[in-house]
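What TrEMBL records for this protein:
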- Arg141, Gln142, Ala143, Gly144, Arg145, Asp190, Tyr265, Ser320, His433: substrate binding site (BINDING)
- 136-145: domain 'Uroporphyrinogen decarboxylase (URO-D)' (DOMAIN)
- 253-269: domain 'Uroporphyrinogen decarboxylase (URO-D)' (DOMAIN)
- 1-119: region 'Disordered' (REGION)
- Asp190: site 'Transition state stabilizer' (SITE)
Amino acid sequence: MRPPPAGPPAQGCRRVARLLRRTPSPSHEPPTERRQRRGPGVSRPACRGFPPLASVHRRWRADGSRHPLRSGSIEPVSSPVADVPASLPPTPAAGPRPGSSVPVGASRPAAGWRDRPGDPSPFLAACRGERGSWTPVWFMRQAGRSLPEYRRVREGVPMLESCARPDLVVEITMQPVRRYGVDAAIFYSDIVVPLKAIGLDLDIVQGVGPVIAEPIRTAADVERLRPLEPDDVAYVTEAVRGLVGQLGATPLIGFAGAPFTLASYLVEGGPSKDHARTKALMLGEPAVWAALMERLAGISAAFLQVQVDAGARAVQLFDSWAGVLPRRMYAEHVAPWSAQVLARLEGQVPRIHFGVGTGELLADMAGAGADVMGVDFRVPLDEAARRVGAERPLQGNLDSAVVLAPWPVVEREARRVLGEARELPGHIFNLGHGVLPASDPDVLARLVELVHTETAR
Ligand code: CP3
């Protein structure tokens with residue numbers, strides 16, 4: 001591939017960017033046709049850093065300190081995007097309800113997502129362990145602060161409030177699909193949304209993360225966690241339904257936090273480096289820990305089920321902070337509950353399981369039963385395949401920081417990831433963790449283009 005010429009982007013590039021923003025591309029459309037649709041006069045080689053059109057036809061070879069909390073529940077605001085009434089997560093009517101878990105999906109027949117060879121989505125093909133028309137791409141945290149259009153619609157709207165407004169959720173989820181032409185959309189929400197929805201006093205503090213007013217550390221605290229009912233998150237159902245209509249053939253990925261990662265926020269009271277209180281509870285009070293994990297597994301599964309019932313075509317279980325655990329602790333005190341969540345969704349849609357710094361845990365995480373394993377940036381994909389078993393499709397794993405480097409470095413590293421994925425049964429290209437806020441959206445767009453053209457089959 002040619003090195004990008006110096007100087008400002010060619011006129012054609014700006015037109016491509018404008019057209020891309022206007023025209024969401026169905027994910028089953030071949031890259032060549034998508035490119036032709038961008039309009040006459042847009043010649044790919046004129047675009048800075050983009051591969052020549054011919055390459056489309058080539059196979060790749062290759063402390064926990066506390067922060068002020070907003071008290072109370074989410075306030076309604078009028079919508080600047082569409083005339084959709086804001087719906088709010090209710091506070092519990094009669095205080096905490098006891099109960100261990102919701103019998104989510106217990107009677108649902110398997111949807112047989114594996115038996116749809118005619119499904120044209122390269123993302124779903126990769127989930128089935130097939131090499132589809134090209135290697136699909138999406139980015140964790142693709143909707144968010146790296147996008148100016150996200151910052152615009154979020155202006156003056158607190159994070160959790162934005163998650164409770166279907167009009168905003170639809171718009172923000174669609175933004176990266178329009179801009180990047182990714183092969184899947186990730187539902188715009190947060191892992192703490194279901195916890196807020198069952199009445200916990202928490203907020204997401206910008207630049208910090210979730211902060212919990214009253215941490216959960218005792219058996220009595222655990223009793224405050226009631227099951228999540230679909231009506232608690234009616235705004236999620238509404239937003240997913242709206243998205244399915246707009247996305248067409250591009251699958252929507254629903255998600256939830258895994259019980260351990262949710263527990264770590266609840267026990268610590270906010271983000272933590274060492275997760276010391278969480279580990280101390282796990283080892284020192286195993287019965288309280290098990291009760292906490294049981295309830296969180298029910299909440300997590302219920303949140304995923306709501307999204308699947310409304311039309312999400314895959315789910316991702318984020319156990320972001322599981323990498324702080326030694327293997328023995330993960331296997332005994334975490335894996336059984338992640339497995340419980342994943343089992344509730346079995347056969348309905350493909351299930352992806354991801355954590356950061358989980359190289360040492362990959363085999364145990366894979367044992368929890370997901371269809372696809374997400375791999376962070378630390379472990380090469382071919383090595384990850386040796387750890388989880390060669391038959392499992394993998395998702396990953398370009399280091400998010402690489403996107404901030406000059407384009408030739410991004411290109412080289414992306415090709416390395418594709419090379420390491422060569423023998424996998426299915427590969428979903430992604431970053432090794434989320435998009436960093438400082439990322440240049442144009443670089444992410446070029447990255448999608450690069451992966452598509454390099455892997456078109
Ligand atoms: O990926 C996406 O584009 C979909 C939306 C999404 C968000 N959070 C929106 C969000 C998803 C999938 C999440 C999951 C999430 N939330 C995880 C698991 C994924 C991961 O990154 O490991 C975790 C651990 C959280 C908790 C959380 N929420 C953190 C650590 C933060 C960052 C704090 C900060 O401001 O730096 C949040 C806030 C958050 N969630 C933002 C977004 C877009 C940024 C807040 C803002 O824009 O004001």
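In case you wondered, yes, glycine gets a Cβ from its N, Cα and C as well.
This view paints the features noted in TrEMBL onto the structure.
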residue	record	DSSP (3 states)
Arg141	substrate binding site	coil
Asp190	site 'Transition state stabilizer'	coil
Tyr265	substrate binding site	helix
His433	substrate binding site	coil
Rounded inter-Cα distance in Å - Tyr265 (substrate binding site), Asp190 (site 'Transition state stabilizer')
13
Distance, Asp190 (site 'Transition state stabilizer') to Arg145 (substrate binding site) (CA atoms, angstrom)
14
If you pair up every Cα among Arg141, Gln142, Ala143, Gly144, Arg145, Asp190, Tyr265, Ser320, His433, the residues annotated as binding substrate, what's the maximum separation in angstrom, rounded to an integer?
23
If you count the C-beta atoms lying within 10 Å of each candidate's C-beta, which of the binding-site residues Arg141, His433 ends up with the smallest number?
Arg141
If you draw a 10 Å sphere around the Cβ of Arg145 (substrate binding site), how many other Cβ atoms fall inside it, taking every protein chain shown into account?
16
To see if you understand the setup: which same-chain residues, six or more apart in sequence, place their Cβ under 8 Å from that of Ala143 (substrate binding site)?
Tyr150, Ile172, Thr173, Gln175, Pro176, Ile186, Tyr188
Integer Å value for the Cα distance linking Arg141 (substrate binding site) with Asp190 (site 'Transition state stabilizer') is 10
Which residue, of the recorded positions Asp190, Tyr265, has its CB surrounded by the fewest other CB atoms within 10 A?
Asp190
Sorry to bug you, but what's the C-alpha spacing from Asp190 (site 'Transition state stabilizer') to His433 (substrate binding site), rounded to the closest Å?
15
